[in-house]
Each structure stands twice: as structure tokens, then as C-alpha cells.
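First comes the structure, then the notes that go with it.
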Amino acid sequence: AASPLSRTGDAAAEERSLLLSNRAACHLKEGACSLCVSDCTSALELVPFAIKPLLRRAAAYEALEKYPLAYVDYKTVLQVDCSVQAAHDGVNRMTKALLEKDGVNWRQKLPPIPTVPVSAQTRWSIPSARAPGASAPPATAPQGEPDQTAAGMERARTLKEEGNELVKKGNHKKAVEKYSESLKLHQECATYTNRALCYLTLKQYKEAAQDCTEALKLDPKNVKALYRRAQAFKELKDYKSSIADIKSLLKTEPKNTAALKLLQELNRA
């Protein structure tokens, strides 16, 4: 019997991609990272933005200490599906590694992060209704929904980037509006920490602290959120909470110079 996918003509490609991705997983276990990378790359040429080969290739790049490439793959996975915890953890590890290696301007050295088309985002979020015995019952995802969330996330990302541009121009008030619109569509840690930075500049310290708290719900060890909340607490004269945040931050990044400097100031306060 023809596979249910054959009418789209993708069946052979999908199957071959899956086999390559599985072989890549074996290479990764055996420590043959370069072979893993090449199998994942071939798998992704057949089925672009498939999550498993992206994650496996990221892990192989990480093992090869090719941190910028690993970062890009982990980031790409999050664009396809923002709920993949392994990708969040990977982004955090790579950010730390790149910060240590290239300093604060590490982002400028990154290869471009591909823009994931909305079609690829929805594709993975709809449990396949066609395949008999699909692991997720179709009831869990009404066909129309994932598309809106994917489009919503796309819009949220655009708004966040517009906010970032406004920050560069020094227009923090307008940036806050963009970040707020973005957060209505998609709660993202970076958007909260960016808005917190604006609030700090605008001397709205309570709001800054609140945004950092929201960011820390999403990512409990987020260094920016801890640092900015400590700054806000210091301005609000809540020195005890400020010191506690800096100490939590230093557990993750013991050599963070900005945090160490702030701690000195707090101990004097």
C-alpha cells in the first residue's frame, strides 16, 4: 500500500531524512561528531527545519567546540518550536561559552540565523491527523490553531526587533510600547529583560523588577534578569533582595565583572 504521504511526493525524502537523522544519532553516541554533522546536514536538505537533525547537529557542533554553529542550530529549533527545553538549555550554554570566548560583542561574530517560514513552524506543531495511530490524538490541536500561534510568534519577533532598534536609537519609551505588544503575543525571556532595561533607563524601577521576575519564571538562571533586577532593587533601596540576586547570578557566572562591581557597591550601601 502506498504510504499516506506519497500523494505529496515527499515520502521518499521524509523517509531518507529520518534514516539519516537516526544514523546521525548513532554517530553522536559513538563520538563521531563530524559524521553526525554531515548526516544531519543531508537530512535537513531533504526536510528543512526538522527538529531532531537540528538538535543532533547542534550537539555535535557543541562537542566539536564550534559554539557559534551550535548556537545557530539551537536558536533555529526554538523558532520552529519554542517549547523544546533542550534547545533553551543549549542556547544558554552556548551564550555562556561564546561570551567567555569572544567577550560582550560575541553576537557580531555569529553566522546568520535562518528565518524559519511559518509553514515549517506549523508543520511540527500539528499532530499528523493523516497517519493512523499518530501518537497525539488530533483533538489536542485543532487544525487552525498552530498557524495562528506561529504567525503570532513571527509578529512577536518582529515587534521585539523593532523594540531593539528603538533602544539603539535611545528611544526607550517607544521601545517599551513595542516590547509590550510583543509580549501580548508571545512571552519570551529576552523581551522581558529588554523591557526591564528600558524601565531602568526610564527610572521605573518597580516595573523593571517585575519584568525580571517574569523573565526568571521562564528561565530561572537568566543572568540578565538577575542583574537587572538587582539594579532595580538597589534603586528601590531593597539592598537585601539586590544582594540575593547578585549572589544567585554569581553561582552561574562567578567571574561576571559587572555583578562583582555591583556587589561591592551594595556592600558599601
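Here the Cβ of each residue, glycine as well, is placed from N, Cα and C on the backbone.
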Could you check which of 128-150, 151-173 is flagged in TrEMBL as region 'Disordered'?
128-150
Count up the helix, strand and coil residues in the repeat 'TPR' (223-256) according to DSSP, in that order.
27 helix, 0 strand, 7 coil
When you scan the chain for residues with a C-beta under 8 Å from the repeat 'TPR' (189-222), skipping those not six or more beyond its ends, what do you find?
88, 92, 156, 160, 163-164, 167, 172-173, 175-176, 179-180, 182-183, 228-229, 231-233, 235-236, 248, 252
